[in-house]
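Single-structure report; data block below.
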């Protein structure tokens, strides 16, 4: 562009700016920007003048806030974290725990070989049974003995078909003896005194032409242990000390035991928990190594490669600043009674990423200020003032949009996500405060050290003739981005960027439409863990067996409600999502028990209803003490009066893998249960039956997690726009920033589909975090474009790329370094973390550093009006008493814009004489 063209364009720009002074929106823009820049200039001058006092105040404030940790409350119970507290699940769970406090720990074992229906196969099952029942047999603590640990429900395994079976009896048996019993029809368990389904005990079954079983490759054994839980308030977890100890020892013993000719796989609650924790614990080293990479990178990038200007100690101060902000946030939130959950463990990473971004912005702005030739003689406080004039507004824009986004997330009904968002919002606020005070104060001290020509590491004075290497003064990243910007902002570059952005957005939009909501706990297990191997084989050989559940009936007149008990059993048994053979009804077996007695069956009607109330309750008591002992755990009753407070029918769903179908199955079975109403109900709660299972917590959460994510992102987007509009104070720029954030989130979610990810609880949390990063990448560029006062749109876009772009890029790279090593993790949580944040950083940086500058160069608005930074002299003048004389030169024919008000101000403070200096003569345009 020649000088004439440039002069014409600049003249046009000045003319348009003059015309727009009357425009209300422009006046508002300039008023807000001037107020923010002036406020931060003065604040920077204050911190730059008193760095020691600033550091002392921030440390005292941190110590005061840490006192809130005395109220620190950790919560790990799923029902307190991932379920709406007013939901049906919580209501049902409270009733179940009141009436059936002793829960069940399932110990499942698979014996796998060429054929388990042989004497040797039966002997190995007997060895497993002997091992389980002999656990802790010689221990002095009788609470660990199996007879005291086992639940009332008998063991489920093939050996229950031969009561009292021992090794000698097995040795005398043949394969035909075993097959004869297994093929009995009906197959009745002598121990349970009821029909059993052979498919629940055996798999890999081969049959002959007459459909008789001749071989089976897998046998399943299930033991039931008492689950006596106590709440551990220090961790917020339900704990069963004896059950956990027993299962830990069981895992050691079964791994050391040999079963010739067979493989053994096992599953316990403890093995599941241990496998999940090991998956994360084994890779914590990768995460901490990522933190080390961030610290190293920050140390290298904050300063220059010279003894005078490197900023290793300032980088360390920056990391300490993040730690202080995190500690203060912990103290404030804990003091306010906000719970701390497992997902909060990623808060340090989040705060480190955002905090480092703020540091880079401040240092980048400081370098820009120090490079201005006309301002090189300014004092350190003046430079700090000018640094905060721009950096303060920049970090305010991004910090407050992040804070508002998280506070919107805090309105969710999911307690874990709500608590996380509160901690994150407060944490980012503290980062903002400590970056503007604690870090800037140390930056001031470091600048004074540099001004005194002292070594950056050991602080001794450098020789007067010392000179830095020529390369140490070069701004490599700025130069690279400036060259990149010049290519980017050419017409071909803009066309390519617009087409590429549209293509990426199209594929992202398609991916969103294909994205599923799914979650499987098995994803969290290491592929070589005992628990994962069991689950893999269980799904292969017992594919129809799914989540365990139960239907509950409350305080009703059970004699009067017999027809409804029959109806409830039938509805559960014939439901398409329930495994028919798994439904165990105490009432059905009670009636069968009566029918098998010639005398007692006379009390039954043709509809198999007991006709006499006294007979009903008397015989029910006898049944529970005799043949129906296994059902005693399904009753909550007064043993003296036989007043029944609640009962249950145990059952299992079929194996349902898809989240959508799981939710449908839960809703369907609940609807069928509540359709059975009890007229004799003695409480409001017991008017209908209800279904409850531990797995429903996950299904219940999956029902709302997608809706909550969509709601939070939309509301947070609106909030981000409004806050950005106020702080950037330009509607058009804010719309473009919001557009980039929207494009980023669309592409992040869309490309998750191509990476085989789906919406679940973990990803929902990360996506809320990603909104903050996306705002950071675009918000800084938008504000830098508005703050660039000189040149055309292209020039200002190039200025934004070259001046603040390095800080944005450094922030993105440092965030990437934190999790890049997790690419090799075996943990699903960490792998997901890596994948999603890789998308967040790459897509966010593309839209912030590539697409937004191009967009601004084409349709960007005009810049802010220039504001003046305060100096120590000006600050001093404001404190003085002023006397002024005014003269106004005004002709009738002089236009209003040319009126000049001349004001003389005098201040004797700090001056040897009271003469009016030229510096005290201000010309103010009226």
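Backbone N, Cα and C define each Cβ position, glycine as well.
Here the structure is a predicted model, which means the values were calculated and not measured.
Taken from TrEMBL as is:
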- 881-892: compositional bias 'Low complexity' (COMPBIAS)
- 283-445: domain 'SSD' (DOMAIN)
- 867-900: region 'Disordered' (REGION)
- 284-300: transmembrane segment (TRANSMEM)
- 312-340: transmembrane segment (TRANSMEM)
- 346-366: transmembrane segment (TRANSMEM)
- 393-416: transmembrane segment (TRANSMEM)
- 422-445: transmembrane segment (TRANSMEM)
- 491-513: transmembrane segment (TRANSMEM)
- 709-728: transmembrane segment (TRANSMEM)
- 735-755: transmembrane segment (TRANSMEM)
- 761-779: transmembrane segment (TRANSMEM)
- 800-824: transmembrane segment (TRANSMEM)
- 836-859: transmembrane segment (TRANSMEM)
Given the cut-off of 8 Å on Cβ pairs that are 6 or more apart in sequence, determine whether the transmembrane segment (422-445) and the transmembrane segment (312-340) share at least 3 such pairs. yes
For the transmembrane segment (800-824): best-contacting stretch of 284-300, 709-728, 761-779, by Cβ pairs under 8 Å: 284-300
May I ask which of the stretches 346-366, 735-755, 761-779 has the most CB pairs under 8 A with the transmembrane segment (393-416)? 761-779
The domain 'SSD' (283-445) [mean pLDDT, rounded to integer]: 87
Sequence-remote contacts (6 or more beyond its ends) of the transmembrane segment (735-755), Cβ cut-off under 8 Å? 501, 504-505, 507-512, 514-515, 713, 717, 720-721, 724, 728, 763, 767, 770-771, 774-775, 777-779, 782, 835-836, 839-840, 843-844, 847-848, 851-852, 855-856, 859-860
Residue list, the transmembrane segment (284-300) vs rest of chain: Cβ under 8 Å, 6 or more residues beyond ends. 311-312, 315-316, 318-319, 349, 352, 356, 359, 810, 813-814, 817-822, 824-825, 830
